[in-house]
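Q: Take a look at this one; I'll ask things after.
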């Protein structure tokens, strides 16, 4: 029992249950299965992006360009749809394009050795700028998209919209990636101890680049989902969403210093934020408090994180340690 | 009389006649300077200006502007208009202050200068024409909702951010006139921060919190589109009407689907028409730009100037299924 309580995931799950109970006491309709399914669907883009971000953060990098990547690929998806390109081809293109945008980040981090926060801060602005160049700031609106294009994320399959199933699929794929593949283990090795990783024959830069490519591909895919769901594409869509994505990871216990984190924690971190975002409009909390509440949740999570950090490794030479 | 003398007299007479008729038919040249060429909104304003010119008869419209929305570009354009000695300049400015010296120079040379749509600082123009005014907008947004609710009902407001000055002023003005719409109650105001996803979620929240909600008023172009999409996805078209301020090109689909019965925004054609009429009347001396003055604007009535020499053209123009197609290609 005590070991269960110590696990971050258990604490987070408990926090989510308490949160739901609190919300239900003010607005009982929120915890109806149908509404919870809606909340999960609404949180799907955040879950998908947070999982991509998790892989990047685990390698001791950060990807601030995900929302801009999403906006650019989403815009291109909408433009391709306008040009009459069939949907499967659009999906393949946005994923490939997202991966390419991620690879640009990865290459800059790897080959030029620039800190990832600087690289992605730069590409974030560049990607949004490209949207402006492509569109002159014009919007692509609901009536300019085909019905099929808008309908896919909304199609109900086994009781849930496709959008939610996409999140489930990405969760499963990420679990397989981090637990069952060499690349998955390399992510943790690189982030946990880069020097040790090099000695075991892992290329740090190449691994980090792979993480960026995965994050980019997921952002590209989410770009389509986002634009199809909200039926509008313009320069500023998902503005500031990268911060939500990073926050979901932090709440989920992904160590910002790299090397630690679980898929379950990440998903729950995203759900935690998603529940707050969906509940605040219905529980009647003043909008002036909403941001403060979201911010407080993040701070509490970080405080927990730093307290729960395990021992950093065994000190072999005590004398040397004292001399230093 | 010699033939030579006869010929000379005839020529002189002809010249005099020509000069006389020329002076009579000399048209007023009014320059419509826009933020940038190629923008649908301003092309529509130019259409309105041409309409005014046709009505007035002796007006020539020079529709011009820079190729991108910069103050420098506009200054160049205005300098060349001064060199051409136009009679009036009506400008939608890219910068409130940057154009002032150039426009002052124009006024010094006897050119009538007014600003419209996007204003210039008071010292750089004779008057400014606002497309509408805060009280008119505040009244219009609630009127749009009330017109479709003969029996009254609950309505909610989906605004931009809590700190958006424009939206807050409009909502304040709306609350002042609520008494004129008995039966219509505003049950809540939520903020979508002008983000599509947050606005969508707030609209969903409104529908959940207020099951009897009849209308969502969104005085912001991002919010109105997101709310219309949320109502569509919730299958509540016909039950909840989304209205407010939006752009025809962005709202066309939602008006056709019925999610929005009507919404409002300025009419650029009327704006160009009114700016031309005002510039003509000021240049002709039939009206003077001073506080309290009423300047006629043809079919748009007249504009009354306040202490800051600003005036509001009219109520925001209402767009619905009957006219959306004509305007959605314009802006």
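Every residue gets a Cβ built from N, Cα and C, even glycine.
Those TrEMBL annotations? Automatic predictions, nothing curated.
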Q: What range among A:288-305, A:306-323 does TrEMBL record as transmembrane segment?
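A: Based on what TrEMBL states, transmembrane segment spans A:288-305.
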Q: According to TrEMBL, which stretch among A:36-57, A:58-79 corresponds to the feature transmembrane segment?
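A: In TrEMBL, residues A:36-57 carry the label transmembrane segment.
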Q: Write down the single range among A:117-135, A:136-154 that appears in TrEMBL as transmembrane segment.
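A: Range annotated as transmembrane segment by TrEMBL: A:117-135.
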Q: Relative to the transmembrane segment (A:36-57), which of A:89-110, A:117-135, A:155-178, A:185-204, A:245-276 accounts for the most Cβ pairs at distances under 8 Å?
A: A:245-276
Q: Between A:89-110, A:117-135, A:155-178, A:185-204, who has the most Cβ pairs under 8 Å to the transmembrane segment (A:245-276)?
A: A:185-204
Q: Given the cut-off of 8 Å on Cβ pairs that are 6 or more apart in sequence, determine whether the transmembrane segment (A:89-110) and the transmembrane segment (A:210-233) share at least 3 such pairs.
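A: Contact confirmed: at least 3 Cβ pairs fall under 8 Å.
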Q: Report, as numbers and ranges, which residues of the same chain sit near the transmembrane segment (A:210-233): CB under 8 Å and 6 or more residues beyond its ends.
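A: Cβ under 8 Å, 6 or more out: 44-45, 48-49, 51-53, 55-56, 58-59, 61, 63, 65-67, 69-78, 90-91, 94-103, 105-106, 109, 116, 139-142, 145, 149-154, 163, 166, 170, 177, 183, 186-187.
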